[in-house]
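Features of the protein shown, as given by Swiss-Prot:
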SIGNAL    1-23  signal peptide
DISULFID  75-86  disulfide bond
CARBOHYD  85  N-linked glycosylation site
DISULFID  123-131  disulfide bond
DISULFID  133-171  disulfide bond
REGION    140-162  region 'Disordered'
DISULFID  221-235  disulfide bond
DISULFID  223-230  disulfide bond
LIPID     227  O-palmitoleoyl serine
DISULFID  293-324  disulfide bond
DISULFID  309-319  disulfide bond
CARBOHYD  310  N-linked glycosylation site
DISULFID  323-363  disulfide bond
DISULFID  339-354  disulfide bond
DISULFID  341-351  disulfide bond
DISULFID  346-347  disulfide bond
């Protein structure tokens, strides 16, 4: 039986695979349940505000669950060449998340970001009744960062994209609403109690994930008018692609800061006193990661034996690093791939399935 896990782990399990929340791990190959009724039926362990959200806004909970899964898929993409590749296909994944290491910081940040991103996107698509497009009232004039269409004549300052020449319009992505729901559901169980360093670290990483979405939201603008007159100029806020969010958080993962708690347990300090305190966008961890080279039930390391590697690459995907110096073997395998693809009007791409033989390098 697994040891007690932090509340955030239980919540992630609930969001991603509610049918298996009692087992406290992410089940092998199980379908990820999207039905909010199933999620909330397993919500006995949720805090008051989470239970209220389940009861009052189950469709929002469904989007939060979709966003958490989006985050895990992005984690698997960004970590695909690392020794720990964010695989959720074993009980070991839950054991990894019980440690306050860099990898856990990334998982919590990317799932909080995914929850915010998914809810915000659902608002803009009209899929949630509780929200819609971003309200422009009381906001400063837009400063375009991306133009669609032909820019019009110069504005008051001599530039076609001068702020006074543009107005808010279109359907902007309401990141405020997405952040609010992500924060309400993902942060609710954490208590900033005395000595609870883990809660402080996880709350910080949650917020860093949401900030990665918000801070890379861009302003897109478009000119409207006959013959390129640009009689009307409108701008709206646009979410960044989630792949971009993942890439930004991976950069933060590489530069993550190790921290420790203050004596009263109410704040965090750099583990190395000579370093400056981490910023809001930084990821935090409190313990060193295992090397993930060999299987280890205690740490959740699945090891790298049998992993495909690149025999000629000097980076993380290379056999030297991925195989931890154990060497690798060559194996010839037969795979099926799409081939002879043709576009048929309109609008279908049809492909044949071809068998190809490839040489793979596999870790010993």
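Glycine is treated like the rest: Cβ placed from N, Cα and C.
As the structure is a computational prediction, the values presented were derived from the model and not from experiment.
All features noted in Swiss-Prot, drawn onto the structure.
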residue	record	DSSP class
86	disulfide bond	coil
223	disulfide bond	strand
230	disulfide bond	coil
293	disulfide bond	coil
319	disulfide bond	helix
341	disulfide bond	strand
346	disulfide bond	coil
351	disulfide bond	strand
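Among the recorded positions 86, 133, 227, 235, 293, 310, no residue is found with its Cα located within 10 Å of the Cα of residue 346 (disulfide bond).
Each of the disulfide-bonded residues 223, 230, 293, 354, 363 was scored by the other Cβ atoms within 10 Å of its Cβ; the lowest score goes to 354. Within the same chain, residues at least 6 positions away in sequence whose Cβ sits under 8 Å from that of residue 341 (disulfide bond) are 349, 350, 351, 352. Per Cα geometry, 310 is the residue among the recorded positions 85, 131, 310, 323 nearest to residue 354 (disulfide bond). The distance from the Cα of residue 339 (disulfide bond) to the Cα of residue 131 (disulfide bond) comes to 43 Å. Residue 293 (disulfide bond) has its Cα within 10 Å of the Cα of these disulfide-bonded residues: 323, taken from 86, 230, 323.
Taking the Cα atom of each, residue 85 (N-linked glycosylation site) and residue 230 (disulfide bond) are about 49 angstrom apart. In this structure the C-alpha atoms belonging to residue 123 (disulfide bond) and residue 171 (disulfide bond) are separated by 10 Å.
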